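What TrEMBL says about this one:
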type	residues	note
TRANSMEM	C:21-39	transmembrane segment
TRANSMEM	C:51-72	transmembrane segment
TRANSMEM	C:79-97	transmembrane segment
TRANSMEM	C:103-124	transmembrane segment
TRANSMEM	C:131-150	transmembrane segment
TRANSMEM	C:170-192	transmembrane segment
TRANSMEM	C:204-227	transmembrane segment
TRANSMEM	C:258-280	transmembrane segment
TRANSMEM	C:292-325	transmembrane segment
TRANSMEM	C:337-357	transmembrane segment
Ligand SMILES: Nc1ncnc2c1ncn2[C@@H]1O[C@H](COP(=O)(O)OP(=O)(O)OP(=O)(O)O)[C@@H](O)[C@H]1O
Ligand SMILES: Nc1ncnc2c1ncn2[C@@H]1O[C@H](COP(=O)(O)OP(=O)(O)OP(=O)(O)O)[C@@H](O)[C@H]1O
Ligand SMILES: [Mg+2]
Ligand SMILES: [Mg+2]
């Protein structure tokens, strides 16, 4: 078993009077897809935002490739090879696909203070990467606001993958997607994982998790309920865990176990 | 078989150069749950917004209880007994739960021009209805902005149900919900349906649809692919239909058919 | 659901966090301050009292309109120009055209409220930000005011309105004072000072309650009742909080917004009429920068610039703070050019305090 | 994905829809209009040309700053006060304290840019809307300006700067004209008129290119390059389009915004220095309402008030329209008090046109 | 000893002309051993000024000095002060009749319209037929009265000859040159103060018309006195504001202490400053002149 790329130890996060995370430990290894599951408000988004430098943990340490780190901003996390696709997509509707794709890491040409963005290269790469994800853009100058939700999701993932992350974090990437788009995203995850990148995948859908996950960590009310390895746990057991171990509302039999 | 409450005939909707709906027919009968399925951008939200008076159809007719109608605003649709829980929730974060719950239909007391909102009644009803859906509020004056996503969803559904709709439209109510909350919503749908109300349920999740649906209509690129009745179609067939009949991206075997 | 993860919040603290809390603290601070530095300057004698109350009432009248409009999610930069415009129109109609005052006043109200409606309809129909539309009206109305008054009277000031409106029943609603008898009695028993010489010897220094104050109180009560107690008030909040969401549940957002623009215009016209009837003249420069002052009162009073949150009581307290500070600095004998520096500083401090309070209320971050 | 559901859009139409299209049309319309009504009034003779170009250049200087700031999602109502403040500081330093002009200018720039930074930091740290924070600064700076100038010179107008700055290398960058020789030659060969009488008979009516215009062109080129071509420009768009999203992908939003506030202050100071050096005096009431005029230019130029969209070229064209309309009305002999009415009307029309164009571009609804 | 007087003006904060008066107040108060508070409405709104007079009355000073920027607006508040037993002296704008009507002790100053009229007559004598009134502050009623008076003095209708220039000097300058370009037959200019006069001087210098047109202005500043010396400006109307600040303080102090006061109004102007008498005022222009 390889050493983890990122290890989060006993992370706590308080927002004023709200304790969003109460000591969560978690790690990701290269080439694995580690699923983070849990109820609404369990603290999943808060946790991965801590991981990607948006929030600073109130307590706890982060270790990246054996080195203890403190991220002051998302820039730091990106520099350390952590790319994130947020639940709220981090796309700017009025800007073009290219500008969004490269936002924060625009390719430059020219010298000294006269550097300008290398639009030729930027456009070309954007078109190519989008095509690789199965989306053919009309033109790279198209505003992101004119894309469908699924297309935006794809831009966000393509961007994260392209920038050669060591760890790719996906926060509920499939929740708003149709069947075909979901299949696409899951296939992409598989593909990225095979390239040796560690993936953190957040979802509410047990089946999506089971489909691509190697390990499963369940959060509940800001605490870890435990981590299971693929093959050691059934979908039903995982689902019970996600629901917090409480009895589910009585449903029609046809719902059959998994939701 | 009872007569439909609402019948939509050959609805078309154009947004400038975009043809969002190209002739969709659809109906709902009392006491049934009619699922509306389809890919991203298929036109589901546009369709139900037409149904609930937000958009005016470019062409086509709507018949409510045998009477042809034209809705000028969501108010008209509500008056005709159509209640909608939108994908974007239609909640105002800075306002209290009570004010949100009653928004647009505040209970009044007093005479003539001196009518005021009957807050005592409003608060009481709100607390009661929320409790019935399994949410115990700290106080009805709490701002909606302080609720979790699942709780907000519940407020929206409780509101729609309370106002005695004949038809309840739910646009992807489960997409952002955790396992427990989803089970809750599905159970509520079942409960509402048994009270003789017609339900239009939009989802991307075949299993959720199969769990509560009586009929299934699949939209694709603004057109109906057809309507199936429960029991006459398998989950797998439905899923193929939703994906637009195109071959799905190759997935790991463990994904097994349904996504 | 997340109950056990909430650290306890004292109920006193919960009871206290309301939109106008910041303004309440502000009022206390401001009064304490001026009692200390200007306590013996006559500021808190009856005539001094009346002085800053009248100024505050003026601010309150436009602040109530601006407050409701801001809560409905829009704002109006043309308030100041509207004040000048309304005054000049009324003056031209009475003095130049010789109309009876009541008719002139009614027509002025109709014209101004109509302009408010045009403002509102433009905002609604075009979907433009109200900042831009009303900024355009700021210029258009001021230009029209100057042009009209020069065209008809070759001056930018039109006097003689009081004489023309003498004895008019409607004009009396805007100029003049009420409770004269009561104040005369107060003067007679020595509770307030009386004039010691001149034509009005024996009369009390405070003649009565100016109609301006009556209007202010009336508008505050009406505004508060409308906003906090009625269905329409809920719609105002909803329109400003999230217009799309409000529309979805059937709130007639467009109607609410246009009505609020009209109400703001109404308030501006009341302001103008009170001023014209009290002073007897209208001038093209009346109301300059009043739009900002109205917005400042509202914001000091705890309303959110982006709409959906605030209170009329808060706006009224904001107007009180503004009036007391402005007049108080004169009583305290401060260098008057520093007034603006004070005002700016108070504005920033008040808004920071309000923001803190609002975050406590809404859990917003 | 939805390709076959899109009705065809002609490629000409696609090529034309850009932020500044509205402004381009506006410029054409405005020129056509004035060529018609004032073509023979000397408006398009060399001296007339210079006349409205200088006014437009003035607007352009502050519009560039306001444009970048607005695209970065904030705005600055203290621009006008900053202009007055900068002028008075520079004048006090040179005339009263006797500093060399270059030092006074540099210190003024430092102070004003510092104030811009404070503006920005307050907005960033407190999370308050920039409308409120800069409104407070509008009052504070104006108050300080008046107070300072009265304190040090017992006047609100400080003259004698030109004499004090005579021959200073840095002052020459703000006052004066360049290309004198070229214009003298143009005059000599008869391409432009020369004075026929008075002290300057024989000299060309246009002496040269005023530094004001040079600054305007320089700032426009710089602003356009920065916004459209560089990485930093992309960050400006991103910060204004959605600050949270930009932060997530590592754009240093706070730094971008503070820098833009500083740049706006820089532009205001350039404006003030050009004016002080040209007229030789500074006054406490300079720059009144300039903040609105800057915003108007930017908005006419197609920028979105809420940030994230716009172009510097558009803002420059907006400034050109503003200047041409303002001066053109004088050439055309229109009643000058109607200027404001025109301005307001043009503003509304321009913005409606721009909104329509933007919807076409972005598919926004 | 130590009486407190309040001086209320109608000018906005930034109006430079009032500095002379402020300086005069300083001199007079230190000489007489009294305090004088200067008050003005920040934006120049006269309704605000009325509130300030009321405020001054409420603070019960030993005397109030006020301008009569608008008789209608100020009659009530000032009369009330008089009735309360506070001595009032009116200065600057307003007429002697208005001052008497209010019940003030006396009036020091000169009405705007008459000043404009006198200037108009002077321009007429110089042969002016078509003029330009550069109004930098059109929303202020007094400014329009000056232009109107000038037109009446010339005996021509005002018409379009008054332009609204705004305060920005570049705009004033360019608007003036645009107007002169479009109306080349203009042979007279009247400016309403330093704010309009100085950019107008610049405009005339630039288009070579300096000294070619008859140019008069109200009030004084360093720039104006220089222009008078070099012949660009024919005359400046000086109402000797220093006196309007200095005299009332001295008179009120003496009235408070010894009950003496001159019975009649005092005309502080109009004084016409031309090339001949400029040397006297030049050095102090804008401060004490
Ligand atoms: N900035 C904040 N300030 C205060 N409370 C916060 C903040 N961010 C999150 N919370 C609270 O922290 C808890 C965890 O929220 P989080 O968004 O991490 O949940 P989640 O697991 O992602 O839920 P979901 O599945 O609904 O996305 C919630 O109770 C939420 O209200
Ligand atoms: N107001 C509008 N103007 C222009 N195009 C629109 C508008 N609303 C929707 N569309 C377009 O119509 C199509 C259908 O959109 P709709 O939101 O109905 O899809 P949906 O089936 O609800 O998708 P999802 O599952 O992602 O919610 C999309 O291509 C969308 O871009
Ligand atoms: Mg989440
Ligand atoms: Mg949808």
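One is the number of the first residue shown, and numbering goes on along the chain from there.
Glycine residues also receive a Cβ, built from the backbone N, Cα and C atoms like all the rest.
Fair warning: this is a prediction, and the values are worked out from it, not measured in the lab.
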Stretch in C:51-72, C:103-124, C:258-280 most in contact with the transmembrane segment (C:204-227), if contact is a CB pair under 8 A: C:51-72
Long-range neighbours of the transmembrane segment (C:131-150), counting only residues six or more past its ends (CB under 8 A): 75-78, 80-82, 84-85, 88-89, 92, 115, 119, 122-123, 156-158, 282-284, 291
Among the ranges C:21-39, C:51-72, C:103-124, C:292-325, C:337-357, the one whose Cβ pairs under 8 Å to the transmembrane segment (C:258-280) are most numerous: C:103-124
Segment-segment contact (the transmembrane segment (C:51-72); the transmembrane segment (C:337-357)) at 3 or more Cβ pairs under 8 Å: no
Within-chain partners of the transmembrane segment (C:292-325) [C-beta distance under 8 Å, separation at least 6 from its ends]: 18-24, 26-27, 30-31, 34, 52-53, 55-60, 62-68, 70-75, 79-80, 216, 220, 223-224, 227-228, 237-242, 342-343, 346-347, 350-351, 354, 357-358, 362
